[in-house]
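Q: Pasting a structure below so you can have a look.
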Amino acid sequence: MQTSRTTLRRALLGFGVLLIASTSVQVSAVISHGMFDRLGPLGVSGLRFAIAAMLAAAIIRPRLGGRNRAEWLALLAYGTSIAAMNVCFHVALEFVPLGVAITVEFLGPFLLAALGVRRPRLAIFPLLGLGGVALIARPTPEVNPIGLIAAGVAGVSLAAYTLLAERIGRTTPADRPQSRPLHDLTIAVVVAAVLTAPFGIAALPSVETGDLAPLGVAAVLGVLIAFGCDMLAVRLTSARTVAVLFSFDPALAAIIGMLLLGQLLDPLTIAGIVLVCVAGGATIHLASAAQRPAADG
């Protein structure tokens, strides 16, 4: 009984932490969106990563020693996936509403999980998800194909980010210090900052004094808090549980987009988002349940 209560408590805490992460990402996106006209989505991404990397390096002071070649390669790939995910997501926001961008991005881990569903009768959920995508991607004045493509690439990067986060956990020693994940995350953010530095440098001449505070807030919310909370949620529950909880992101994004950006979605688009949320959450849950007996055996 005590074990069940502890598990439930950790799951609820993990959900709360992930809700903070999701809200941070989307509020950061709203702040960043306000600077796109002058700095561009690529410039905002580069500057945001630069600020986040400097803050994280100063606070965490990551240790560079004690890693083998496989760990370094995993960290480099991890940082690359973070950079690609954020840059493509920002590009998508320039062309499609926040709720649509987040929904299409979620297709990455959704389709990844769909590959793990072996029973033919369970294929109904991926098909429902595809139906939702069809409703979202249909030609409308609010949805630009460029934005859908960019969000799709962000989704592929999100799937890679999820896989790499698990791989980093497996390749690092079991007796590593409790602070080691924060050191790994800091190194990955620095890698992302280096990769996006050309965009930030190109945008520097257009930066005004009034941009510094929004860029700083966006960096803290969208990078440091968001990825830090993701990592904490995985440690409290599991990577698969976190992936299931990601299915709530599209609905949250649609609400935030409506409240903070005035992005009103038509009924069919809302229906598509709901379909993707339900189908994605069910698919990831079923895929993880199917893998659990194999892991136990």
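Each residue, glycine too, has its Cβ placed from N, Cα and C.
Okay, so TrEMBL annotates it like this:
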- 39-60: transmembrane segment (TRANSMEM)
- 72-92: transmembrane segment (TRANSMEM)
- 98-115: transmembrane segment (TRANSMEM)
- 122-140: transmembrane segment (TRANSMEM)
- 146-164: transmembrane segment (TRANSMEM)
- 146-278: domain 'EamA' (DOMAIN)
- 185-206: transmembrane segment (TRANSMEM)
- 212-234: transmembrane segment (TRANSMEM)
- 241-262: transmembrane segment (TRANSMEM)
- 268-287: transmembrane segment (TRANSMEM)
Q: When you scan the chain for residues with a C-beta under 8 Å from the transmembrane segment (241-262), skipping those not six or more beyond its ends, what do you find?
A: 11, 14-15, 18-19, 22-23, 26-27, 30, 33, 97-99, 101-103, 106, 109-110, 113, 162, 230, 233-234, 270, 273-274, 276-278, 280-281, 284-285, 288
Q: Which residues of the chain, 6 or more past the ends of the transmembrane segment (212-234), have a CB below 8 A from one of its CBs?
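A: Counting only partners 6 or more residues beyond its ends, the transmembrane segment (212-234) has Cβ contacts under 8 Å with 14-15, 17-18, 20-22, 24-25, 27-29, 31-32, 34-35, 44, 47-49, 51-52, 55-56, 82, 86, 165, 169, 181-182, 185, 189, 242, 245.
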Q: Looking only at residues six or more beyond either end of the transmembrane segment (39-60), which have a C-beta under 8 A from one in the stretch?
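A: Non-local partners: 28, 32, 83, 86-87, 90-91, 93-94, 179, 182-183, 185-186, 189-190, 192-193, 196-204, 206-207, 211, 215-216, 218-220, 222-224.
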Q: Note the mean pLDDT of the domain 'EamA' (146-278), expressed as a whole number.
A: 85
Q: Take the C-beta pairs under 8 A between the transmembrane segment (98-115) and each of 72-92, 122-140, 146-164, 185-206. Which stretch has the highest count?
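A: Selected stretch: 146-164, with the most Cβ pairs under 8 Å.
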Q: Is it true that the transmembrane segment (185-206) and the transmembrane segment (122-140) have 3 or more CB pairs under 8 Å, sequence gap of 6 or more?
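A: With fewer than 3 qualifying Cβ pairs, these stretches do not touch.
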Q: Just give the helix, strand and coil counts over the domain 'EamA' (146-278), going by DSSP.
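A: The counts are 116 helix, 0 strand, 17 coil.
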